[in-house]
Amino acid sequence: MVFSSLLFLFLFLPAVLALYFISPWRIKNFVLFAASLVFYAWGEPVYIVIMLLSTVTDYGFGLLLGRPGLSAGKRKAVVALSIAVNLALLSYFKYADFLIGNLNALLGTDIPLTDLALPIGISFYTFQSMSYIIDVYRGTVKAQRNWLDFATFVSLFPQLVAGPIVQYSTVAEQLRNRKVTTELFAEGVRRFTIGLAKKVLLANNIGLLWDTISGTNPLMMPALMAWLGIVAFAFQIYFDFSGYSDMAIGLGLMFGFRFNENFNRPYTAQSITDFWRRWHISLSTWFRDYVYIPLGGNRRGLLMQLRNILIVWMLTGFWHGASWNFLLWGLYFGVLLIGEKMFLLKLLQRLPRWVRHVYALLLILIGWVFFAFEELPSIGQYLLAMAGSNGQPAWNDETLYLLYTNAILLVVLIIASMPKRQLRLADKMPILKLSWHFALLLLSIAYLVDATFNPFLYFRF
Amino acid sequence: MNKRTDRIYVAGFAVLLFAFSLLFLFTPKKAFSEMENRSLQKKPQLTWEKLLDKTFSEQTESFVTDHFPLRDQWVAVKSTMEQLRLQQENNGIYKGKDGFLFEQFAEPEPLDLAKFAEAVNKFAYKNPHANISFLLAPTSIGVYPERLPWLASAYPQSIVNGTIMEQVREHVRFINGFDFLKPAAEKKPDRDLYYRTDHHWTTYGAYLAYRAYAEQMGWPPMEESEFDIRTVTNSFLGSFHTRSQFNGLKPDSIQAYLPKNKVESEMYIFDDDTTVQGLYEDSYLAKKDKYSYFLGGVHALMTIKTELPTDDVDLDKLLVIKDSYAHSVLPFLAMHVPEIHVIDLRYYNGNISSYMKENDIKDVLLLFNTTTFSDGQEILKLGY
């Protein structure tokens, strides 16, 4: 199930909210767990077994680690085993076919592909489980004795399928002790509404522009159209993803959970280093805490630090998908970050603010080309189109048509990406803010209904 | 935010969710959507099998969206918003000049086109003694590209028609719709060749197609003055309107060309074994799908028998293999041919060559529009 559907909004959510609030405190986690299973099983009736399996084993490993008197060697073995199980699950479903495909191409072998569909959310819940086990091992959190509480943490439907990656330490206390107040719930409604509008009104509509442009042959594409396309993609992916995070955070609030922020106006970044502090924060934090720092971080000299940065960013890229372009994308940012660490940041500090901003945006946009196309030749062709080196004119009628029919949307997207300035008027007149949020909610519903509007076009023959 | 405002947020959200939830659950469900012209999803039945292969969840989602309260009004709100933000398209339909709506037309895959043309050639090859004509009509976007929204462009259908002509003209007698529609559009720009809100041609457009075919067959075409041209409805909002839901459109009118020298025709429809008097179905004029006034809509196979004075008979039997563009052309053909067989490839699954043998048919007209022809896998059935 996805949040941006009528089924979720008008059947699932009201039913779960009603059940949750009439239930006594001691079964509230059970209600959430059961609801999460339905939510997950809705799209993945079979793969739910895998999620439960991962939950049960990590619960067990956690208990083992929590036992007093376990020797250091055994504790290490338990952690290693848990990580191995999680990574094995993830690799088998996400990376096996990539590996087989490349092996076949390289060695001329003919190993059959597994052709498995990727279980929804597996990249997220395996990472959450690993964070738990490592934290218990490090002693930063206590092992969870209550299986239901642990299962609720892993399967919690607001963040189950697309993050943010909630670390166990963030919600450990809330699993036992949380309260939903009017303020919290109202804030949840606002966050959810904003997220829904980002996804349905902004991301989906600018996505149509990207669909049109990415469907055009890049060898025939004017430069302006290529730039318009990648800008559209940049907006689509940001508003889609951060909209989903907002909805997750908002839903969490409605049930009394406070998740960490996942985005912080990434397109206002002044450098690539800055960008990665603002983009998909829960993922970068995860890699920092569980890969970069254990590898030695910046404490073992410059050379080791550079190696660590490269490893982390290749993994980050690879986490996004089992394909060479994602590895390249990660590597691209790894190299840029190293450059900034070595000298670029110092240089940038001397330049005016707007130059730094343009520098960051340009590099981010070029990065999205690596992300958007799985086929490596397409990446090259698209970059050539952006550089105006494919022998096409700078623009054509179609470019101008796409530009003016999306001009208003683009302006809205730019404003929505800028730093949030509190409107004093809205604070003095809460009715304005209230109308704004409900207008967004109603408009989003209209777009959701239209997306399923499906006239039978009787005319084909 | 003060506490009172927060309470309104909570209450407003809850009321909205629960109100639509209850409205959905307890209002009676329609079986058919007039606006979308299709049957709506029935309440899904829960079985283990359907649960595991996800059909239950898919059907439930369709069930909710198909029967969502105030569905048509929500769709209209979205369409209005899209127009307010200067978007010139909605759901794949352009809002063009002079109240014309257009369906987008992208460059067809050359290999597909070649395959479709090859199917036509195979058909000719399998029926070497048949006299086959192939009329390929552009759609409105092909004839009126200048009426597209500012700076919008479509792939020229004249190129598509030209390509197909090159590939088939040695095997069939090709009539290019551009040859008679384009001059007519230039000579009398005020007479609409196509409906503004629908994808079909007007009866005038169909009349010109008939003239072109008659001339090619060597028949004396009837003049417009020989018809009593009657407007049968003024409130036709067609398929382009259905899809785009643009507001503020002027409805189209539909004309019927009724011959002053009356003839009696009857249609025998094989699909449901019925015989209908006349070539028009008045009841459709009261519905959304008004173009089905012609011949009563789409049938897989039917015959049209017309009592003609012997002098007027130019051909004994004709087979028309067609899309719905033919529906408004067939009444004209019936003025020359007493027995017309009509096959719609999408629904007809028999072997056409053997059908021709069984019924001793020597003359065939293939009539398609460029959009149907260039994305219709059904055309391939011709080659079977």
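Positions of Cβ are set from backbone N, Cα and C atoms, glycine also.
Any TrEMBL annotation is an automated prediction that lacks curation.
If you look up TrEMBL, you'll see A:46-65 (among others) marked as transmembrane segment. Among residues of the same chain six or more beyond the transmembrane segment (A:46-65), those with a C-beta under 8 A of the stretch's C-beta atoms are 37, 40, 75, 78-79, 81-82, 85-86, 89, 93, 119-122, 125-126, 129, 132-133, 136-137, 143-145, 147, 150-151, 154-155.
Sequence-distant neighbours of the transmembrane segment (A:77-96) (same chain, 6+ residues past either end, Cβ-Cβ under 8 Å): 50, 53-54, 57-58, 61, 64-65, 70, 114, 116, 118-119, 122-123, 126, 129-130, 133-134, 137, 318, 322. The transmembrane segment annotation in TrEMBL covers A:77-96 (among others).
Summarising the annotation, TrEMBL assigns transmembrane segment to A:116-134 (among others).
For A:219-239 (among others), the entry in TrEMBL reads transmembrane segment.
The feature transmembrane segment is assigned by TrEMBL to A:326-345 (among others).
According to TrEMBL, the feature transmembrane segment maps to A:357-373 (among others).
For A:401-419 (among others), the entry in TrEMBL reads transmembrane segment. Within its own chain, the transmembrane segment (A:401-419) is flanked in space by residues 198, 202, 205-206, 209, 212-213, 224-225, 228, 231-232, 235, 238-239, 265, 267-268, which lie at least six positions past its ends and keep a Cβ under 8 Å from the stretch.
According to TrEMBL, the transmembrane segment annotation covers A:431-449 (among others).
Sequence-remote contacts of a segment are chain residues at least 6 beyond its ends whose Cβ falls under 8 Å from one of its Cβ atoms, and for the transmembrane segment (A:326-345) they are 271-273, 276, 305-306, 309-310, 312-320, 363, 366-367, 370-371, 376, 379.
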